[in-house]
Structures are given as C-alpha cells and as structure tokens.
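**Q** Below is a structure I'd like to ask you about.
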Amino acid sequence: MAGATPVAIIMGSQSDWATMRHAAETLDALGIAHDDRIVSAHRTPDRLVAFAKGAKAEGFQVVIAGAGGAAHLPGMTAAMTSLPVLGVPVESKALSGQDSLLSIVQMPAGIPVGTLAIGRAGAVNAALLAAAILALTDSALAERLEAWRAAQTASVAERPQNDLS
Ligand code: RP5
C-alpha cells in the first residue's frame, strides 16, 4: 500500500515507552514513518487480535513489538500476521529483562520473532533492522541508512578521553 505508514511500534504498557521511544527516535532519524500503540497481550487481548489480524491491511510492512515480564506480545502478534515481527525485551524490575528475553526468543518452529537485545539497545537495533528490511525495496532509504551508519562510524574517537564535558 503506497504511502502507508510502514512501521508499527507496539508495546504492552505505557511503562514500556521509556524503552520503545528509542526505536521511535531512531526511525525518526532515518525518516521512516511509524505508528506507536499500546497493545497488551494480557490486558487488551481483543485489541491485540484486531491489530495483528489487520496490520497488513493497514499497510504496515514491519512490526516492532516491545514487552516485559511474561512478554507474549511479540509472539502472539507473529502468530496472527505474516509481517516480520521484531521483538524487544523490555528490562523488567524483578528479573532485569531476562524473563522478557526468554519469553520472546523461545518461539516454537514455524512462528518467527526476530528477537533483539534487552532494553534500549534492542529498541534502537529493532528500528535499524526494520530500516534494513524496508531499504531492500527503497533505494532512498538505503542511502539514508548508509549515511546514518557512516556518521556513527565517524563519531567514534580513536582514543578515549578523560573529560568530555
Ligand atoms: C508487560 O508488563 C508490559 O509489556 C510491561 O513491560 C510489563 C509491566 O507493565 P506495567 O505493570 O508497568 O503496566 O505486559
């Protein structure tokens, strides 16, 4: 669907936004439109079903799903759409996100979730992976992604410094 918003960022709770906003900011930096929604597998199951079953018809091409604890959101979303689903384990208070990670990564064969790192790194990398997927069919985006990576490379100092203030 030309012109549609290509990326959906969904998360299980408002509390996940502190992590998932890093995915949103990275997509912004790459000029990729995204729609950010709270969709809880446990608290709003009907919303989850409606979103996941309708995501392709809405024109989304990639779903980034972040959740913590018993993090069923990415897997249940992947069960109801054939769009690529990238899972971000949110760092939980009780188990530091190890629960989130294992909940998301251990999918049974047949329903894949591309699982990223716990927390901010995973959110940023989910956005970059979504960009790489979209760039396969968008040459202008491919150039922006290359430029983003080149800028990152250029920003790394050759030697550490004591005082950066
Ligand atoms: C999960 O429970 C959410 O993804 C969140 O990471 C976690 C805690 O949610 P809140 O109690 O902060 O709303 O469903």
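In case you wondered, yes, glycine gets a Cβ from its N, Cα and C as well.
Sharing the feature lines straight out of TrEMBL:
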{"type": "BINDING", "residues": "SER13, ASP16, ARG43", "note": "substrate binding site"}
{"type": "DOMAIN", "residues": "5-156", "note": "domain 'PurE'"}
**Q** In sequence order, what residues of the same chain, 6+ apart, have a Cβ less than 8 Å from the Cβ of ASP16 (substrate binding site)?
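**A** In sequence order, the residues whose Cβ lies under 8 Å from that of ASP16 (substrate binding site) (at least 6 apart) are ILE38, GLY66, ALA67, GLY68, VAL90.
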**Q** Need the DSSP three-state call for SER13 (substrate binding site) to compare against my parser.
**A** coil
**Q** Measure the Cβ-based neighbour count of ARG43 (substrate binding site), defined as the other Cβ atoms within 10 Å of its Cβ.
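**A** For ARG43 (substrate binding site), the count of other Cβ atoms within 10 Å is 11.
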**Q** CB neighbours of SER13 (substrate binding site) within 10 A?
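**A** Around the Cβ of SER13 (substrate binding site), 18 other Cβ atoms lie within 10 Å.
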**Q** Quick check: with SER13, ASP16, ARG43 left out, which same-chain residues have Cβ atoms within 8 Å of the centroid of the substrate site Cβ atoms?
**A** MET11, GLY12, GLN14, SER15, ILE38, SER40, ALA67, GLY68
